[in-house]
Amino acid sequence: MAKIPDPLRTRWIPDPNGAKNSRSTDPRSGSRQIFVIRRGSRGGARSDPSFTDFFLDQHAPLELARSSFLSEIQNHFGLGKFISDIGFQAMRVFMALLMVFWALVSLEGVISHGVQPLSRIAIHKTVFAVDDHAFIKASPSVLGIKEQNKEWVTLEYSNPRPSNDDWIGVFSPANFSSSTCLPENPRVGPPFLCTAPIKYQYANYTSPKFKDTGKGSLKLQLINQRSDFSFGLFTGGVSNPKLVALSNAVAFANPNAPVYPRLAQGKMWNEMTVTWTSGYDISEAEPFVEWGPKGEEQKRSPAVTLTFDRNSMCGAPARTVGWRDPGFIHTGFMKELWPNSAYSYKLGHKLFNGTYIWTQTYQFKASPYPGQNSLQRVVIFGDMGKDEYDGSNEYNNFQRGSLNTTKQLINDLKNIDIVFHIGDICYANGYVSQWDQFTSQIEPIASSVPYMIASGNHERDWPGTGSFYGNMDSGGECGVLAETMFYVPAENRAKFWYSTDYGMFRFCIADTEHDWREGTEQYKFIDHCLASVDRQKQPWLIFLAHRVLGYSSNDFYAYEGSFAEPMGRDLQKLWQKYKVDIAMYGHVHSYERTCPVYQNICTNKEKFFYKGSLNGTIHVVAGGGGASLSEFTTIQPKWSISRDFDYGFVKLTAFDHSNLLFEYKKSRDGRVYDSFRISRDYRDILACTVDSCPSMTLAS
């Protein structure tokens, strides 16, 4: 449930029938928000129990909403006799209610997806009720003395009137009062708090006797996020928060330090990019990356710098209580790399007083050239999200698989060459601070191997912004965060489709949040990406996308009867024509593998060891990276070979041009729970199959 930051005495009720499906083209069948206007006495200070609630479905057509509202007014005020029988005062009330209605309709954009834990906090209701007998103290006050970018803080606190609903919020910047926040427009003031906390935890989390003694302690992990921190002790739960005590400020020794490097392949096979975040604008320091072959002379390459402001966001909460300054995002380019060679690098900023700010030294292996015959290992998953090592921030247990997936990848990093995270990256849903939390979590991975991403509904979707789906899953981010925080070799990052080569692999990455249907710009890109690969040199052709454009027996797809995204299989003839080996998706939070399939028919009866031509494409759903799991339909279709209701990820290993190993591993233990092999020659790729034979002539 997401609270509406709105003083109009409204609340929203979750639709029990729409808890999962936020990806349908029919807006009435997604996550539904139902507004409730609680009409009260004059001035709206108290609710009158003699008045009934008026329910307004957020996704109802506007004309229907208008008519329903007017009907309610007619019933309540006796407007059947129309305006002639209404006194002047009743007319004023009528007009006031109309204003409430229009304000309510305009506030559609302030509701984030209800799964974001921070959306549980009713920031708009916060009351300052500081109690001289309550306190909260944080130590140490200076963090990162040894240049570390994450550190644990100990909180000691006391409340003379404790309850089990008392909680502690972590705020950054430390001054989080409404005086620091500008209103959205001249007629709308800010809430009592300018911003949502970065994370929170209940006061009794590690102090079970807190309710009896009023005293407690808690350890929380902070990461360097370019500003200081403070901790607030609240009563009233998250629905009616009252601030009773505020801590001292805590800060990292250098809050502006460069942090959280993330590698990505460049537009050329022999180019590696590195993106990082800092608090240094180019007017303060020159960003660069110092790099070179491991153990040899290093050189410096300048980095480009991007950022964005609140006005770049498309709606709330990203534009309101979820906003936090993102700092500056820098990208350096390391070019003309030798294939499969080891390189080292470190990030630097040269201040204009001549001082240098450095990170530690990192290492990576350059990509193999297209067609190179060497061992190549690829990890693919979707929908991982982020989680907190200190247990905070998870009011509804949404992304508990995230840390396990991260841990398994870190443990096996020496056996991974490149990672693809195919959409629904961190589920910030408009709470901008969470992108820092995510990049910190994946730093051990992304600083060592290319971390390639695809766009998902929780990165891009927002009404009226050009996304193919008109829902509100991005929380107002409308793609800006994903497009800026991570580099991808796309021609235009606002159109998040691209191709990348890794040795014997060709990857075609689609953007399901933009139209992919035949005749569109993206369809032409996909056609070209699949058609332009030389299969003799790069035999392994992989299609990646966030939403399931192929096959899935997830329950919400089954209920629609499509067993995939509606219109998703518009691409099926391209997969068949160009003999795509594997199409892989996220969005559904579980694992499923199909047989090689075309037009709902299995084209190969084998399940675990494929020899020769597949005659179709194997479709895999690998959306169990960490977010809450998705149910399957009770009936398993014939094309569905393997299903698993658990967290996990996929690993592809190309041994050479003829042999590929597919493994599905569970995040809980890293063990293989499903696998298959493909063994074939180039002539098997050339062989004709249904709808994939080129034209022939009888001429000799």
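Going from the start of the chain as shown, residues are counted 1 onward.
Here the Cβ of each residue, glycine as well, is placed from N, Cα and C on the backbone.
Note: TrEMBL annotation is automatic and uncurated.
As recorded in TrEMBL, the features of this protein are as follows:
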COMPBIAS  19-30  compositional bias 'Polar residues'
DOMAIN    136-254  domain 'Purple acid phosphatase Fn3-like'
DOMAIN    261-365  domain 'Purple acid phosphatase N-terminal'
DOMAIN    377-591  domain 'Calcineurin-like phosphoesterase'
DOMAIN    616-675  domain 'Purple acid phosphatase C-terminal'
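For the domain 'Purple acid phosphatase C-terminal' (616-675), the predicted model reports an average pLDDT of 97. Note: the domain 'Purple acid phosphatase C-terminal' (616-675) comprises 0 helix, 31 strand, 29 coil (DSSP; helix = H, G, I, strand = E, B). Sorting the domain 'Purple acid phosphatase N-terminal' (261-365) by DSSP state (H, G, I as helix; E, B as strand; all else coil) yields 3 helix, 53 strand, 49 coil. For the domain 'Purple acid phosphatase Fn3-like' (136-254), the DSSP-based tally of helix, strand and coil residues reads 7 helix, 52 strand, 60 coil.
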